[in-house]
Amino acid sequence: MLSPSHPIARLLHLRRLSISPRDHLLLRFAAVAKELSEQPPPPPLPSRPGSPHPYDYNRLMSAHAAAAERGGPGAVAGADRALHLLDEMRSLLGRRPDAACFTTAAAALSSASQPGAALSVLNAMAVDGVVPDASACTVLVGVYACRLRWFDAAYEVVRWMAANGVVPDVVTYSTLISGLCSAGRVAEALGVLDLMLEEGCQPNAHTYTPIMHAYCVSGMIHEAMELMETMVAAGFVPSTATYNVLVEALCKAGAFKEVDALLEESSVKGWTPDTITYSTYMDGLCKAGRVDKSFALVDKMLSEGLRPNEITLNILLDGVCRGSTAWAAKCLLECSAEIGWHVNVVNYNTVMRRLCDERRWLAVIKLFVDMVKKGMAPNSWTFSIVVHSLCKLGKHHEALCLLGSEDFIADVVAYNTLIRHLSFLGKTGEAYLVLDEMIEKGVTPNNITDSLVVDCLCGEGKFLVALGYLNRSLEDGLSRSAVSSIVRGLIAGGKLRELHTLIGWILGQGFILDVYMYQELIIAFCKKGYCRGTEMYKVNHTLERMLRLT
């Protein structure tokens with residue numbers, strides 16, 4: 001229990017928050033937050049390199065690109081800065097960047113989820129007459145396989161490399177395997193692994209880790225552990241990243257004893273747990289309600305020379321919300337200056353999300369106001385949480401005004417949140433107004449937007465209008481969620497003839513209906529009652545027609 005004279009206790013008392021035996025979590029968190037805030041920030045990177053030589057430019061670009069690889073709020077800024085330096089070389093200095101400079105900029109843009117910009121950089125490389133090397137080709141494989149999932153194009157790059165004397169290396173193949181695994185195409189990834197071995201290219205830990213991750217995501221932990229044993233038997237030492245994948249899977253399964261065993265045996269097995277390892281373990285413990293043990297791991301980290309980072313701190317903050325109350329965490333945020341804790345937008349989002357779980361919608365709004373007063377810029381997650389809370393309070397007009405404000409920049413996620421609430425309440429007219437406002441503000445609708453609009457139209461029985469809207473949205477590619485919505489709507493409305501016409505038209509345009517679409521179709525038929533009794537033939541007829549067309 002906190003001493004009444006303790007600063008945290010006084011601050012909590014000022015906010016009329018009762019002190020309970022669980023409040024030691026608040027004290028522990030405040031101490032960790034203060035310690036992290038007292039760590040000196042890394043020195044800022046210079047705006048220009050020391051000389052105009054491509055080598056010096058590439059060193060500075062690589063430093064900015066590292067932020068993009070780490071992800072988070074600095075990813076886009078790091079990638080943009082790397083691109084700016086590349087453009088500076090090409091236009092202002094009149095120096096031709098080498099392959100390494102182009103590759104660094106393209107890799108940074110790909111890591112920042114800007115695949116189109118990455119392709120533009122690689123295209124500029126070809127225009128400048130710079131011959132791509134294995135690293136540049138590998139980045140292109142990553143853009144196609146990991147970002148865009150254009151696997152035919154990725155395979156074509158690998159074939160081009162082999163035909164033009166640019167030998168695909170272990171990084172090239174590992175990148176392709178990573179993309180395939182992220183798309184759930186594990187069998188195909190194993191085929192690429194076999195191809196590597198046939199070509200005499202030895203895999204490493206980075207090759208096996210994506211396959212292990214795919215197994216773990218599918219709940220196949222036993223297969224993942226067998227793969228690790230295969231790696232060790234073949235002489236490949238699993239990396240810390242490989243073990244981190246296994247730790248995450250074991251935490252999700254609640255197998256904390258196995259995690260403890262992995263950590264205890266780490267020195268014998270030849271790997272060293274890092275901050276990600278402990279943060280992952282803490283996250284699993286917090287979600288399982290074992291917050292005390294999660295905080296105890298901080299001392300273990302420090303004893304091993306590891307420092308908690310902002311991700312670790314946010315996991316612990318989430319633990320405070322779970323182990324105490326989100327209201328207590330809200331008070332911590334509000335008195336962050338007194339504690340000496342440099343809060344950020346992610347911390348606010350975490351507590352606001354937990355306040356939503358506790359249905360404290362008004363507290364979310366008050367915390368949002370506190371955040372803005374402190375000069376913190378909200379991000380898309382913030383807007384989504386606040387809009388959701390305003391809608392729960394019945395303040396849809398205020399939510400729309402917030403999204404339309406010139407002071408903030410909302411994205412498609414926030415608009416989708418408001419559209420979803422309005423459509424659920426049957427306020428389709430207002431939902432269309434939000435859609436118009438969104439487009440007018442220059443925010444491009446995504447697949448979820450299309451699905452929500454189609455749901456609205458089908459709910460009103462405007463099936464022809466919904467089909468017309470879907471037709472226009474297909475210009476940017478097949479949206480599985482939007483097609484699923486129209487399929488559900490047509491079946492619920494008994495419009496089977498229109499359903500057959502739609503399926504024929506989609507297949508006629510060259511789009512492929514995957515197994516998930518068939519699953520959606522069968523579920524929709526079952527919910528409508530077609531899979532029982534004499535009307536089962538309608539389901540069979542639809543499925544047979546789809547199979548004939550494909």
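Note: Cβ is positioned from N, Cα and C throughout, glycine not excepted.
As annotated by TrEMBL, compositional bias 'Pro residues' applies to 39-52. Here the compositional bias 'Pro residues' (39-52) has long-range neighbours at 59-60, 63-64, 85, 89, 93, 95, 307, meaning same-chain residues at least 6 beyond its ends whose C-beta is under 8 angstroms from one of its own.
Annotated region 'Disordered' per TrEMBL: 36-56, in sequence order.
Per TrEMBL, repeat 'PPR' is recorded for 133-168 (among others). For the repeat 'PPR' (133-168), the residues of the chain that approach it from at least six positions outside its boundaries are 99-100, 102-103, 106-107, 110, 113, 115, 118-119, 122, 125, 175-176, 178-180, 182-183, 185, 188, 199, 201, judged by C-beta separation under 8 angstroms.
Remote same-chain partners of the repeat 'PPR' (169-203), defined as residues 6 or more beyond its termini with a Cβ less than 8 Å from a stretch Cβ, comprise 134-135, 137-138, 141-142, 144-146, 149, 151, 154-155, 158, 161, 210-211, 213-215, 236. Annotation source TrEMBL lists repeat 'PPR' at 169-203 (among others).
Marked as repeat 'PPR' by TrEMBL: 204-238 (among others). The average pLDDT for the repeat 'PPR' (204-238) in the predicted structure is 90.
Taken from TrEMBL, the feature repeat 'PPR' applies to 239-273 (among others). Note on the repeat 'PPR' (239-273): residues 205-206, 208-209, 212-213, 216-217, 219, 221, 224-225, 228, 231, 280-281, 283-285, 287-288, 290, 304, 306 of its chain, located 6 or more positions outside it, place their CB under 8 angstroms from a CB of the stretch.
The repeat 'PPR' feature in TrEMBL is assigned to 274-308 (among others).
Summarising the annotation, TrEMBL assigns repeat 'PPR' to 344-378 (among others).
Listed by sequence, the residues of this chain that lie at least six past the ends of the repeat 'PPR' (411-445) yet keep a Cβ under 8 A from its Cβ atoms are 380-381, 383-384, 387-388, 391, 396, 399-400, 403-404, 452-453, 455-457, 459-460, 473. Per TrEMBL, the feature repeat 'PPR' maps to 411-445 (among others).
Among residues of the same chain six or more beyond the repeat 'PPR' (274-308), those with a C-beta under 8 A of the stretch's C-beta atoms are 25, 28-29, 32, 35-36, 39, 240-241, 243-244, 247-248, 250-252, 254, 256, 259, 263, 315-316, 318-320, 322-323. Same-chain residues lying 6 or more positions outside the repeat 'PPR' (204-238) and placing a CB less than 8 Å from one of its CB atoms are 170-171, 173-174, 177-178, 180-182, 184, 186, 189-190, 193, 196, 245-246, 248-250, 253, 255, 269-271.
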